[in-house]
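**Student:** So TrEMBL has the following annotated:
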- 72-90: transmembrane segment (TRANSMEM)
- 72-477: domain 'Major facilitator superfamily (MFS) profile' (DOMAIN)
- 110-130: transmembrane segment (TRANSMEM)
- 137-154: transmembrane segment (TRANSMEM)
- 160-181: transmembrane segment (TRANSMEM)
- 202-221: transmembrane segment (TRANSMEM)
- 233-257: transmembrane segment (TRANSMEM)
- 295-313: transmembrane segment (TRANSMEM)
- 333-352: transmembrane segment (TRANSMEM)
- 364-380: transmembrane segment (TRANSMEM)
- 386-404: transmembrane segment (TRANSMEM)
- 425-441: transmembrane segment (TRANSMEM)
- 453-472: transmembrane segment (TRANSMEM)
Amino acid sequence: MGSPCCPAFAREAVASGGPERGEKGLGYQEAPELLQGVKPVPGVAGEEAEVPNGSAPAAPPEVRLSLRRWPVVLLFSCYSLCNAFQWIQYGSINNIFVRFYGVSTFAIDWLSMCYMLTYIPLLFPVAWLLDKRGLRLIALAGSALNCLGAWVKLGSMKPHLFPVTVLGQVICSVAQVFILGMPSRIASVWFGSHEVSTACSIAVFGNQLGIAVGFVVPPVLVPNLEDPEQLAYYISIMFFMTAGVATALFILVVIVFREKPPFPPSWAQALIQSKPPEEYSYIQSILRLLRNTNFILLIVTYGLNTGCFYALSTLLNRMVIQHYPGEEVNAGRIGLTIVVSGMAGALLSGIWLDKTKTYKQTTLVVYIMSLLGMVAYTFTLSLGHLWVVFVTAGVLGFFMTGYLPLGFEFAAELTYPESEGTSSGLLNVSAQVFGIIFTISQGKIMDRFGTQAGNLFLCSFLLLGTFITVFIKADLRRRQANLDSEQTVSKSPSTSVSTIKVIPCSVPSPPVGISVSWSLP
């Protein structure tokens, strides 16, 4: 918000009529000093609008979709893919990196868990930056750090340089903090109310595809060899490819990514953008979120489900190798099956939510099916038939990985009009905390009691999450805001409002009877 007479800002102004014609200074033709330098532009209906004589409601903000929204979400999805690949590239060939660097399996596990650890303390500073500086800065920081971390890893091609690869992975883990909270924010800022869940699914889609590629590509590029020099050569090929892709994506982000579209894409987003910045308090927003009982329950259930997925992904190589020695490539393919089927689940759930808006029911069904899939996977892993493991892993992935965008979108509904970056960030903190706890605990249980006991450990927490989900109420605030705004607009006469373009000039305050409002184009 600001004064339309300030030369630093060009605003769109809406003039609504005052008293009847004949009262001095209140009509369009009788207040030339007010409208000096103001040029009428086509109205919302596409015609030259006239300023009314009688009282009329203020014009609603113009809602319009931007074609750039698709390049933005797809580009985000791509650099999120690259970052997720770097998260799992060590865990998918855990045994090979253990031999190359001469460290323990637990040390290699920490290369994945550092992603979870760094997220927790950095969430709130990054979420604050997202609220204060917007999407473009966060996108630039995330893609730049992802690129830097990829290049640092190229300096770790000797067995004694394990600390260098740790440094590169930590830089990539910091980049992840600038990435994970973005999907629901990009969807809300750039997409209309009938495609926002699909857009969020596409944004999450990239992260899941990166994990899938991270499962299948490293075992193919880096064979299980004994010679350290040959291993270093193949590992360097993988690191060079990653660094090249990360660099290209960073350049594209600089060129393509924008802060927001010229016009709000939905009525809910228009209402948020109409609020002056000084009315927003980041601390108060967090406190309001923490007082939202339904959101707190969702934080716990999302953390339990996603934490199980993180533990399963990190330890999958160890599980498969224990029952099927020498099957590193098939272990990667099983991980690929989990994630690709989950991507299909995520996309379908997003389309389903856009059509039905049944957030609570869909979330509960997906949670129950994740539990059943985990139980099936647990008891088929040791049967000795890899094709059975592929089938049960695919079913598990379809629902467990498909749950991720559901959680983001359900949170955006429960917490509107709070920042999607903050609500998504709190969900991800819960996921990282449970991910660390589950990965360490399941790893220890597997070492002592076997893989089945470790997987049953995860099943117990999925069962707990299912029960908690039952108590979440479907308080869909964002959907209600869109419905209320659409009803208000449908009741407003289209001919009672004039939209006029305000150009930088010196304009005195409007007299009584004429109200002027403006918003950023």
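Note that Cβ sites are derived from N, Cα and C of the backbone, with glycine treated the same way.
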**Student:** Out of 72-90, 202-221, 386-404, 425-441, 453-472, which stretch has the largest tally of CB pairs under 8 angstroms to the transmembrane segment (233-257)?
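**Tutor:** Result: 72-90.
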**Student:** Between the transmembrane segment (72-90) and the transmembrane segment (202-221), do 3 or more CB pairs sit under 8 angstroms, pairs being 6 or more residues apart?
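**Tutor:** They do touch: at least three Cβ pairs between the two stretches lie under 8 Å.
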**Student:** Using a threshold of three or more Cβ pairs below 8 Å, and leaving out pairs closer than 6 in sequence, do the transmembrane segment (386-404) and the transmembrane segment (137-154) count as in contact?
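**Tutor:** Counting Cβ pairs under 8 Å (6 or more apart in sequence), the transmembrane segment (137-154) does not reach the transmembrane segment (386-404), since there are fewer than 3.
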**Student:** Counting Cβ pairs under 8 Å that sit 6 or more residues apart, are there three or more between the transmembrane segment (160-181) and the transmembrane segment (72-90)?
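**Tutor:** Per Cβ check, the transmembrane segment (160-181) touches the transmembrane segment (72-90).
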**Student:** For the transmembrane segment (110-130) and the transmembrane segment (386-404), decide whether they are in contact, meaning at least 3 CB pairs lie under 8 A, counting pairs 6 or more apart in sequence.
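**Tutor:** Contact between the transmembrane segment (386-404) and the transmembrane segment (110-130): absent, because fewer than 3 Cβ pairs are under 8 Å.
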**Student:** In the same chain, who gets a Cβ under 8 Å from the transmembrane segment (386-404) while lying at least 6 residues past its ends?
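**Tutor:** Beyond its ends, the transmembrane segment (386-404) has Cβ neighbours at 204, 207-208, 302, 305-306, 308-309, 312, 320, 324, 327, 330, 333-334, 337-346, 348-349, 363, 366-367, 369-370, 373-374, 376-377, 380.
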**Student:** Could you pull the average pLDDT for the domain 'Major facilitator superfamily (MFS) profile' (72-477)?
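**Tutor:** For the domain 'Major facilitator superfamily (MFS) profile' (72-477), the model's average pLDDT rounds to 87.
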